[in-house]
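This report refers to the structure that appears directly beneath it.
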């Protein structure tokens, strides 16, 4: 049995190592990004990223693959999520990009603006890749045209030496802001495994094991990622407060917490980093779960009060207990009372008949008295 268990563990470790090696291979696309259709990545994969810049050869596809990351959304914009969503295409076409002399790709904002201008008064299909489990989806965004009074002013002092900033926006604000960011940046997360210091900084701040993921830090200190980066930052903030941004996979929300680091420079919890500790796919939508919970526990609709027991909850599914007792008493006592009533009637009739017979037999003594 021990040998079988040892072989199973060895096989599992080998499969994990193969998966990690495949994800770290510069020539293969990371498994986290394979949900994106290949046609949306062709513009970046075919760009001259192999160009040599200052003696460094950029050949890692996973590090250079980028998208328009959502960094801010309006409170009325429910289709997109900041930090997690990346725009990787429009109308099933890749994001227009251009390459500089060093082989790096960046968005062609002039072409992107023209795409939005062409769809004024219509909906635009936006291809979204999410860092929550590496999923892909499509969203349709309504492009509202600007009023004639709201059009952008064109500067008359045009300097030919300065490049044009692009076409004028003929559409209203979209309700979100983007930044050209590598997709791999969304994997720089630290999974809370357990709390190892009672009443330590992690426990005092409310970190939840297995559910929480540290996805950011104040001043963008975790933006570059790295297995030991969080540990180094915590040590450098000994005796100071540190603001962390934590994602909870159960509630599907991000919350900021302030952790007071002690003099020992420890956070008080074990964290996991890497391929096995990335943010998983959301199992359910919080709004749908809330609606489902409301459906499971329906609130009774108020009805006019008809009796003293009308306030009992769920009266429409099961009769109230007091009503049952009263009905039992009525069923149990009324028949007995009626039986007694009829029995009493029967007894009276029989006694009356007997008394009548006794009255008929009574005359003989009267005859004797008359003879005397």
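Backbone N, Cα and C define each Cβ position, glycine as well.
Feature annotation from Swiss-Prot assigns domain 'PDZ GRASP-type 1' to 66-183.
Annotated domain 'PDZ GRASP-type 2' per Swiss-Prot: 188-276, in sequence order, evidence recorded as sequence analysis.
Positions annotated as N-acetylmethionine by Swiss-Prot, on the basis of experimental evidence: 1.
The phosphoserine feature in Swiss-Prot is assigned to 155; the stated evidence is a large-scale study or a structure entry.
Annotated region 'GRASP' per Swiss-Prot: 66-292, in sequence order.
Residues or ranges marked as region 'Disordered' by Swiss-Prot: 312-372.
According to DSSP, the domain 'PDZ GRASP-type 2' (188-276) comprises 18 helix, 32 strand, 39 coil. A mean pLDDT of 87 is what the model gives for the domain 'PDZ GRASP-type 1' (66-183).
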